[in-house]
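Student: Copying in the features that Swiss-Prot gives for the protein in this structure:
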{"type": "TRANSMEM", "residues": "72-95", "note": "transmembrane segment"}
{"type": "TRANSMEM", "residues": "158-181", "note": "transmembrane segment"}
{"type": "TRANSMEM", "residues": "197-221", "note": "transmembrane segment"}
{"type": "TRANSMEM", "residues": "305-323", "note": "transmembrane segment"}
{"type": "TRANSMEM", "residues": "364-387", "note": "transmembrane segment"}
{"type": "TRANSMEM", "residues": "403-429", "note": "transmembrane segment"}
{"type": "TRANSMEM", "residues": "451-473", "note": "transmembrane segment"}
{"type": "TRANSMEM", "residues": "548-566", "note": "transmembrane segment"}
{"type": "BINDING", "residues": "CYS590, CYS599", "note": "[4Fe-4S] cluster binding site"}
{"type": "TRANSMEM", "residues": "606-627", "note": "transmembrane segment"}
{"type": "TRANSMEM", "residues": "681-703", "note": "transmembrane segment"}
{"type": "BINDING", "residues": "HIS692", "note": "chlorophyll a' binding site"}
{"type": "BINDING", "residues": "MET700, TYR708", "note": "chlorophyll a binding site"}
{"type": "BINDING", "residues": "TRP709", "note": "phylloquinone binding site"}
{"type": "TRANSMEM", "residues": "741-761", "note": "transmembrane segment"}
Amino acid sequence: MTISPPERGSDAKSQVEKVDNPATFELFGKPGHFDRALAKGPKTTSWVWNLHANAHDFDAHTSDLQEVSRRIFSAHFGHLAVIFIWLSGAFFHGARFSNYSGWLADPTHVKPSAQVVWPIFGQEILNGDMGAGFQGIQITSGLFHVWRGWGITSETQLMALAIGALVMAGLMLNAGVFHYHKAAPKLEWFQNVESMLNHHLAGLLGLGSLSWAGHLIHVSAPVSKLMDAIDAGQPLVLDGKTIATVADIPLPHEFFNQDLLAQLYPGIGAGIGAFFSGNWAAYSDFLTFKGGLNPVTGSLWMTDIAHHHVAIAVLFIVAGHMYRTNWGIGHSIKEIHEGQKGDPLLFPAPNGHDGLYEFLTTSWHAQLGLNLAMLGSLSIIVAQHMYAMPPYAYMAVDYPTQIGLFTHHMWIGGFLIVGGAAHAAIAMVRDYDPAKHIDNVLDRVLKARDAIISHLNWVCIWLGAHSFGLYIHNDTMRALGRPQDMFSDSAISIQPIFAQWIQNAHAAAAGSTAPNALAGVSEVFNGSVVAVGGKVAAAPMPLGTADFMVHHIHAFTIHVTVLILLKGVLYARSSRLIPDKANLGFRFSCDGPGRGGTCQVSAWDHVFLGLFWMYNSLSIVIFHFSWKMQSDIWGTVNADGSVAHITNGNFAQSAITINGWLRDYLWAQAVQVINSYGSNTSAYGIMFLGAHFIWAFSLMFLFSGRGYWQELIESIVWAHNKLKVAPAIQPRALSIIQGRAVGVAHYLLGGIATTWAFFHAHILVVG
């Protein structure tokens with residue numbers, strides 16, 4: 001830590017400015033008020049599309065960074081309000097239309113439902129039998145499992161949460177208006193990164209985790225322990241009363257009684273004295289290091305989760321005291337930046353990280369680009385942990401929820417990462433000043449861009465040719481009836497030795513990585529089968545030739561996505577083809593008339609193309625996950641302890657040919673969605689067709705050019721003129737960029753909804 005003389009600290013001064021900027025609907029009610037041209041009203045039909053395109057482009061409304069910052073800050077509160085309203089809706093459905101209590105009473109036989117379809121013209125067929133006499137639509141969001149983890153024991157509590165979330169939404173809306181129209185932060189407040197880091201690290205993450213750990217210890221852990229005992233058929237006794245049903249469990253506020261809590265966790269009786277005297281072992285019954293999964297619920301131990309949050313809290317509270325604010329002590333981010341001189345081998349930059357501090361505190365696009373890339377990566381990591389280390393009770397045996405959560409977190413991650421590239425490119429076009437980045441690391445990366453992109457291109461060709469080549473070889477050999485010449489576990493074996501080594505290392509490390517951990521980090525890494533209610537919750541995952549092959553397809557598609565996105569960022573300002581690209585802006589269709597062969601070079605077009613490859617990459621990932629789990633992990637446990645897997649372990653032999661993927665996965669598992677009519681999954685059958693249509697509709701926008709439509713429109717306008725019904729607003733074809741945007745939006749929406757219907761109809765029936 002840098003200890004500086006006291007004069008280096010800055011005096012605290014007001015960071016907020018009182019503004020007289022009344023919130024008036026006179027202004028907001030006027031479409032296009034933010035743009036002089038749009039405010040004049042529509043002359044052509046392009047007006048409405050430009051309105052949509054530019055409404056949230058605050059940079060285009062004003063060049064005043066403080067004003068832009070205030071608008072973004074205010075919009076964040078609006079976003080939070082929408083989230084609270086959305087949460088309130090989820091809680092309300094749980095309170096009013098769900099079988100939550102029924103599910104809590106028998107989670108292995110009752111399916112979760114929080115939606116009941118009302119009969120109007122026969123759609124009550126969609127209400128399936130959820131068990132225990134409840135008819136409804138099965139949900140796959142995992143909310144019931146989360147609520148049980150929080151310690152919610154009744155629909156009444158959910159209704160209280162629904163009301164509370166609406167109150168919070170109101171507060172957020174109020175805050176958004178107040179901090180823009182009444183008391184708005186000054187620019188220096190937004191740029192005070194040390195203070196922001198201290199507050200976010202120590203406050204949001206540190207104290208947030210600590211208070212959550214408090215909830216887990218005082219509410220979640222005791223409620224979970226009592227429920228687990230009921231589910232295991234060995235109910236516990238509290239104050240001489242047997243807790244035989246969920247209704248018998250004390251309400252959260254009753255656990256304020258320390259004596260009551262100490263009956264479940266004697267360590268609570270040690271009080272706070274044990275903490276200050278260093279006798280932390282007294283707490284080892286509710287802050288545990290068990291590892292593995294709870295055999296009753298197939299989820300991580302609640303006391304392990306509480307311990308984790310205490311540890312996270314300590315780390316982040318310490319981290320939140322590292323940065324220099326009003327006192328001359330701690331790190332300065334600017335000094336840290338300027339002390340870094342870059343990588344001496346890869347990017348020897350004489351000026352190191354000089355100028356990056358200013359770039360990141362004046363370009364919110366640059367900041368957002370980094371944050372989206374990291375948050376997207378985090379979402380993808382969450383997807384992997386949902387099955388490898390399931391945190392919520394009974395979630396691991398709710399296969400539809402597991403597929404749903406994996407798919408959801410993968411898509412979210414993909415979109416955020418592409419968004420990261422988009423905002424990085426916008427930052428390069430709008431905010432990057434080459435004069436301020438001479439020979440620093442960013443400049444050196446830009447100077448090396450040809451080497452970076454050409455190498456990445458070579459990697460993509462190598463991965464694509466070899467990984468696809470393995471499949472082509474196998475399809476050819478199988479077609480010719482030569483199984484002995486195929487790449488497979490039983491013929492020419494290619495084992496993923498590095499992945500197997502990682503699995504073994506994790507399995508062997510139990511007991512040595514964490515103090516006295518009783519089990520390994522995940523059963524997926526060479527652990528043992530955990531069965532709950534006769535279904536597999538977790539099991540060791542065997543890896544072989546089929547996994548090796550599809551893994552390299554993943555490597556190929558991810559690298560192509562990175563190639564497209566990175567090329568868009570590195571060539572956003574200029575290229576050999578268009579040296580003055582920065583002057584043309586973030587999105588432009590081509591470099592003007594008379595300059596052919598310059599289409600699809602804008603940074604926006606790279607985002608557009610990157611989205612397709614992101615979709616491509618993740619489709620293969622979620623198909624791989626879905627099939628692998630059904631083949632090698634999920635299934636029912638027989639009386640002799642053997643496992644009957646859903647697809648009987650066919651992955652290793654079928655996933656090594658393209659024909660196998662098409663026939664034994666896509667076609668075989670589409671049986672349920674194609675045959676769903678007349679059953680309670682028929683909505684997915686219709687959705688499967690409808691989403692295919694939306695996907696196909698996108699191709700009309702992607703394959704045809706603007707001129708085709710403009711010609712057609714002019715002929716239609718002629719007919720209107722003939723009939724004297726000409727419109728006052730002149731019809732215009734979508735611009736080239738708008739057409740592509742509509743195309744990619746429908747392509748992704750159609751593709752994702754098709755996959756959703758395909759997964760659901762299948763796994764709801766067989767899972």
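Placed from the backbone N, Cα and C atoms, the Cβ positions cover glycine too.
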Student: When you rank CYS590, CYS599, HIS692, MET700 by Cα distance to the residue listed as 'phylloquinone binding site', which of the binding-site residues ends up on top as the closest?
Tutor: MET700
Student: Pairs of Cβ atoms less than 8 Å apart decide it: which stretch in 305-323, 403-429, 741-761 has the most with the transmembrane segment (606-627)?
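Tutor: Ranked by Cβ pairs under 8 Å, first place goes to 403-429.
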Student: Looking only at C-alpha atoms, tell me how far MET700 (chlorophyll a binding site) is from HIS692 (chlorophyll a' binding site), rounded to the nearest Å.
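Tutor: About 13 Å separate the Cα atoms of these two residues.
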Student: What stretch, picked from 72-95, 364-387, 548-566, 681-703, 741-761, has the most CB pairs under 8 A with the transmembrane segment (403-429)?
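Tutor: It is 364-387 that shares the most Cβ pairs under 8 Å with the transmembrane segment (403-429).
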Student: Considering only the binding-site residues CYS590, CYS599, TYR708, which residue has the minimal Cα-Cα separation from HIS692 (chlorophyll a' binding site)?
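Tutor: Its closest listed neighbour, by Cα, is TYR708.
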Student: Which of CYS590, CYS599, MET700 (the binding-site residues) has the most other Cβ atoms within 10 Å?
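Tutor: The residue with the densest Cβ neighbourhood is CYS590.
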Student: These are the binding-site residues: TYR708, TRP709. Which one scores highest on other Cβ atoms within 10 Å?
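Tutor: Output for this query is TRP709.
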Student: Hey, how far is CYS599 ([4Fe-4S] cluster binding site) from TYR708 (chlorophyll a binding site), Cα to Cα, in Å?
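Tutor: So the alpha carbons of CYS599 ([4Fe-4S] cluster binding site) and TYR708 (chlorophyll a binding site) sit roughly 17 Å from each other.
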Student: Cα of TYR708 (chlorophyll a binding site) to Cα of CYS590 ([4Fe-4S] cluster binding site): how many Å, rounded?
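Tutor: One finds 17 Å between the Cα atoms of these residues.
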Student: Please classify the secondary structure at CYS590 ([4Fe-4S] cluster binding site) using three-state DSSP.
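Tutor: Coil, per DSSP.
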Student: Validating a neighbour-count step here. Other CB atoms within 10 A of the CB of HIS692 (chlorophyll a' binding site): how many?
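Tutor: Other Cβ atoms found within 10 Å: 15.
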Student: Using DSSP and three states only, what is MET700 (chlorophyll a binding site)?
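Tutor: Where MET700 (chlorophyll a binding site) sits, the three-state DSSP reduction gives helix.
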